[in-house]
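These come from TrEMBL:
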type: DOMAIN; residues: 1-328; note: domain 'Major facilitator superfamily (MFS) profile'
type: TRANSMEM; residues: 6-24; note: transmembrane segment
type: TRANSMEM; residues: 31-51; note: transmembrane segment
type: TRANSMEM; residues: 57-81; note: transmembrane segment
type: TRANSMEM; residues: 88-108; note: transmembrane segment
type: TRANSMEM; residues: 120-138; note: transmembrane segment
type: TRANSMEM; residues: 180-198; note: transmembrane segment
type: TRANSMEM; residues: 210-232; note: transmembrane segment
type: TRANSMEM; residues: 239-260; note: transmembrane segment
type: TRANSMEM; residues: 272-293; note: transmembrane segment
Amino acid sequence: MDSQTSIYFSTCLFTGPLASFLMSKISYRSVALLGAFLSSAGLLCIPFAPNILFIDIFYGVFTGLGFCFLYIPSSVLSGLYFDRRRSLATGIVQSGYGLGALVFPFLIHKLIEEYGWKGSIFIVNAINVHNFVFAALLRPIKSRVPKSPECERILQTFQNINIKRQHSSNSITQSNKIRVLLDFPFVIYFINNIIWNFGTEIGQDKRSTALAFTWCGIGSLFGSLAGGAFGSIKFVNRVILYTFANIFIGCFVFTFNISLFQTFVGLSLVNVLWSFSFGIVLGLLVVVTADILGTSRLSVGMGYIMFGNGIGNILGPPLAGWLRDEYG
């Protein structure tokens, strides 16, 4: 299912700005619920698909779009719910990526052995349906304000002001979306997200590849937690921490060319270290976006960051293939 996976990742990443646009028009919870519906519908239809084209549509487009609509609202809200411990909170949230990479390969392999690929998809979709519950639990930011008579009066005053300024507010929102692309630090950050999605292959067999995913899951899990924890320390500059994590990713990629690390043990070690650095980057992704743009433009920024990741995923494989043909 290489083509379906490629379409899935492309759809999931490139539709980030669409998710941000919808979040500015309807509630974050509504976008997440729409994502739960699309991803569940896409998975449910796969076993009944008559040919590959339909699988491309159901898995690649529907499921990819659904998971994008789930990821961005939940990631942005994890950064908006917290002030003092925002870095730690987002690091814990992003560590779910590593935990999933660690658990699901074994789970799906076992399910396929027991129930076949169609039966396994029904079970995976049953797990995915729980996203309706988690999406429904995404609270609006204003619901965190204590309910006292004085607060209620203040809220009512601000709501009346907001109603009168709705048209003006919409214009400001559109302006913010454009200004984000003119923010030089964010442009550098955007380019960084394109580049660190480039990649190539090193020709491992299926067993080694499966174990590599396991090591990557472990490293990413602890890296996200470490990035969130260190990023919450007052004297730690999160942008510098993010930058050094990117440098370490590059250094560990270089070690793949060293003969000492061509063994199974060596590659496993490099995978753990590489994925640990990647986990730090992943754990800091939301909070660094907030540090650069501010929380008011976080949702817009995350949409563009997802789009940048999509560009890297599309350009990386053909570029890596060309470099491999030219230089080995």
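Using N, Cα and C of the backbone, Cβ positions are placed for all residues, glycine too.
Curation plays no part in TrEMBL annotations; they are all automatic predictions.
Proximity of the transmembrane segment (272-293) to the transmembrane segment (120-138) is not established, fewer than 3 Cβ-Cβ distances being under 8 Å for residue pairs spaced 6 or more apart. Of the Cβ pairs linking the transmembrane segment (31-51) with the transmembrane segment (88-108) and spaced 6 or more residues apart, fewer than 3 are under 8 Å, so the two regions do not touch. Taking Cβ pairs closer than 8 Å, the transmembrane segment (120-138) reaches residues 28-29, 32-33, 35-37, 39-40, 43-44, 46-47, 70, 73-74, 77, 108, 111-112, 114 in its own chain, all 6 or more past its ends. Averaged across the domain 'Major facilitator superfamily (MFS) profile' (1-328), pLDDT in this predicted model comes to 83.
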